[in-house]
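The annotation compositional bias 'Acidic residues' is assigned in Swiss-Prot to 366-382, 616-634. Positions annotated as compositional bias 'Low complexity' by Swiss-Prot: 509-532. Here Swiss-Prot flags 14-56 as domain 'JmjN', drawing on sequence analysis. What Swiss-Prot records for 897-954 is domain 'Tudor 1'. According to Swiss-Prot, the feature domain 'Tudor 2' maps to 955-1011. For D945, W967, Y973, the entry in Swiss-Prot reads site 'Histone H3K4me3 binding'. Annotated zinc finger per Swiss-Prot: 709-767, 772-805, 828-885, in sequence order.
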Amino acid sequence: MASESETLNPSARIMTFYPTMEEFRNFSRYIAYIESQGAHRAGLAKVVPPKEWKPRASYDDIDDLVIPAPIQQLVTGQSGLFTQYNIQKKAMTVREFRKIANSDKYCTPRYSEFEELERKYWKNLTFNPPIYGADVNGTLYEKHVDEWNIGRLRTILDLVEKESGITIEGVNTPYLYFGMWKTSFAWHTEDMDLYSINYLHFGEPKSWYSVPPEHGKRLERLAKGFFPGSAQSCEAFLRHKMTLISPLMLKKYGIPFDKVTQEAGEFMITFPYGYHAGFNHGFNCAESTNFATRRWIEYGKQAVLCSCRKDMVKISMDVFVRKFQPERYKLWKAGKDNTVIDHTLPTPEAAEFLKESELPPRAGNEEECPEEDMEGVEDGEEGDLKTSLAKHRIGTKRHRVCLEIPQEVSQSELFPKEDLSSEQYEMTECPAALAPVRPTHSSVRQVEDGLTFPDYSDSTEVKFEELKNVKLEEEDEEEEQAAAALDLSVNPASVGGRLVFSGSKKKSSSSLGSGSSRDSISSDSETSEPLSCRAQGQTGVLTVHSYAKGDGRVTVGEPCTRKKGSAARSFSERELAEVADEYMFSLEENKKSKGRRQPLSKLPRHHPLVLQECVSDDETSEQLTPEEEAEETEAWAKPLSQLWQNRPPNFEAEKEFNETMAQQAPHCAVCMIFQTYHQVEFGGFNQNCGNASDLAPQKQRTKPLIPEMCFTSTGCSTDINLSTPYLEEDGTSILVSCKKCSVRVHASCYGVPPAKASEDWMCSRCSANALEEDCCLCSLRGGALQRANDDRWVHVSCAVAILEARFVNIAERSPVDVSKIPLPRFKLKCIFCKKRRKRTAGCCVQCSHGRCPTAFHVSCAQAAGVMMQPDDWPFVVFITCFRHKIPNLERAKGALQSITAGQKVISKHKNGRFYQCEVVRLTTETFYEVNFDDGSFSDNLYPEDIVSQDCLQFGPPAEGEVVQVRWTDGQVYGAKFVASHPIQMYQVEFEDGSQLVVKRDDVYTLDEELPKRVKSRLSVASDMRFNEIFTEKEVKQEKKRQRVINSRYREDYIEPALYRAIME
């Protein structure tokens, strides 16, 4: 029968229907009809109502309707992959919204055909964020309209309200959406994979993209491949409605899709598990809600829900299974109802429209539920649920994650503009002869707000001006010390997709960056350097480009050469010309290749990795004295004492280190970079990681922690292969150990073919007998290395975490091209090893939070426990330094100290401030956890809150038992009992004699580090017998003394509010 159903709309194209008025009257029957025609296979269908039907006579009287929470949609990304962030704005009326939507800034651009408008949408998606009046509770239907009234569709979804008295806004109540040009809805399926209906009341059209339900898993795999960080945090992250993928990307990866434009006065129907996305052409108003048929029940039972937020919509399927699948109810409750969904089959209600041979198989004793029988839906067999005693309760359909961003921070600062078009960029060749211009203080402009890309959205070709009269002169040491220098800090912005320069004038002591003076260049055009994605075309040798504002200045990143220890030197005219030629040649090569991978090339002569070996005769080799060696006190660094690269090679120490790491989860030297993240976020490792000593070294299989995108991502290029050749079907990979150096890796992480995974396997370095070679990107030995440029070697983990490093052969994870790493990365100083080494070496990464300048080598950060986790494309790894660690996670990670009676602690007083107090006694209280019928939960109910039975006398209900809960608002709600939790409570007494009973989470010991929120409200009682200390409503805090800015640096001053917003 399935084969016959596949003949219905076999191409899974979006179908359009034109019902007559008679057909249009019965909504549920017409939905069954369009499914009998195969409309559900596309995941989306259009229905054009009869011309004589109108839901409302006029829309002239809605101007005063209030949009309570408009959202501004900020989009970041490039090359067809985007993330949408929603920022909540203040309430406005429809009149105000229309005025904004039709203004010159937000109005629809001119276009001749839809394809042109579609190109403009995807090209300008990240510019000029629009405002969306979404999720407005209400309807524009007139009360007398019964046909297709979105407020009362009378489908089986009404059972949710009839059985439990629960209404969920936007799910079984209508929502209004006021759109403008470029407002978007990201790729998603409906909550609980329900059907949805969308009617466009008036205004400009709305474009839709749809992926057939039978190909939905392929779209999910593609999204997880490009956004592994989001996928690890939440299995159903697409339900967050933040992911936009262009049709070109879908076509590129062979995912079937279709598109359609909805005009005013037309309906769109989405079907279960039908992924859809789209955008508005201009000012319009739409209304939508969800509904269900009997076919949806199986989808609802198997829907994968968002696990990271408790406020996501969740509907109990109990009532639906009992009513419509009674013979499968017990099996389903036991978790054994494993039905495979056939997306091609129409709903059972479509039987009357199908021939006998096309009828879908009936599931047992399912009975029809015609629309006219809905009033008596409660009257079922013996096992039917009783109607809840609870009154109506309003839930909320959580559509979008909104960010609160201070108004002081400009949007261009938070989300830099990036040109996403396919325009070609040409650079005129630099002249060989450059006239001298002496570096001065004014040749360097200070930039505190970050450099943004010039806006080239309206141009078809961009040419960089020829640099004239540019030269670097040699300066003696006195002149270098006298001149002001540019202190560069390079930060991979966590949202913007680029690195940001922030400059500061030279001070007596620099917190970051090289301690030497920098060279400066003057020119006719001011320049900056966007150091963004992997393989974008930079060789990291010389980078010259133009600011949006031209004021006649140029800065050039120079290679790290050394003069007398760590001092930098200037370029000669001939050297600069050679470097420029090499850079221009690399640009031409990259332009010809159009993103295709190129074989490893030799590093340029002035590359820092080349210069590191060119140590002058008067430079002594770096050695630590015995006194310095004995100063090691930090616990994380003690096991590494023999592994620093400034010490003599010690292969036995490396081997011992590798053996130790092999015994620790996740047992892979490459996956180790995500070790801290998994321990903190998931409370350790699952059983798949196991104990390495339990199984034979060559037989153990575990699941790698590193997503494939971390190896394949090339930043701005999306030409990547998301296949994993050495992974098993269950996602695990075999662990192999080198017989010589004992390093242990996953075959997939290191690129070991299954045929070579034997007990005699040797890593690449041992196979090449390069036992004294070290990683050129960090300062530690040990771990898994692969070959890089010029016979150098790099840690695979270092290559993964450094955005611009590139695996040439992705399957084999080698060789690694490090030539595209920008020069300023090599100038960063690692906060962990700068005290342990006399000179800077290797290449650092930085904290991903805002503009945090904290820098560290990948291997140092991993050893010190810095949290690194997979990030979303185009980034690879998201790094959180110790300064930005979440306090709650830090406190939860370590076991809380036990507290005894009589102990002095710090806790929150009833006046809202924290004081020192004494623990009087310890008690144990029992709290109940329940799941409410609307999907919400509570884990701190008192036994007396359960009103359906006397829990104080008879104890807690059985797990899964339906109970009635009296909430704090005095209403009674239906819920299911989950568990009872005995919690240790502490009765504390403050110095004023007042006592409180608090949980352990609300108590801090005197030797415990207090969170910032506690420190800010910490007070000490005075000696005045506490008069009015504990009773006053607000305790005034001592004001921080205002800092006076030196007039010399007044132009460099940042407003405190802006600084706090940036750092947050």
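Numbers run from 1 along the shown chain.
Note: Cβ is positioned from N, Cα and C throughout, glycine not excepted.
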Counts of helix, strand and coil residues, the domain 'Tudor 2' (955-1011), according to DSSP: 3 helix, 32 strand, 22 coil
Fewest other Cβ within 10 angstroms of its own Cβ, chosen from the recorded sites W967, Y973: W967
Contacting positions for the zinc finger (772-805) when only residues 6+ beyond its ends and CB under 8 Å are counted: 492, 531, 533-535, 538, 540, 600-603, 609-610, 612, 640, 643-646, 649-651, 653-654, 657-658, 661, 669-670, 672-673, 706, 710-711, 715, 743, 745, 749-750, 763-765, 813-822, 825, 830, 833, 836-837, 841-843, 845, 857-860, 862-863, 868, 875-877, 879
Three-state composition of the zinc finger (828-885), taking helix and strand from DSSP: 10 helix, 12 strand, 36 coil
Within the domain 'JmjN' (14-56), residues counted as helix, strand or coil by DSSP: 18 helix, 7 strand, 18 coil
For the zinc finger (709-767), mean pLDDT (0 to 100): 80
Nonlocal neighbours by CB distance (under 8 Å) for D945 (site 'Histone H3K4me3 binding'), same chain, sequence gap 6 or more: Y928, V965, R966, W967
Secondary structure content of the domain 'Tudor 1' (897-954), with strand meaning DSSP E or B: 7 helix, 30 strand, 21 coil
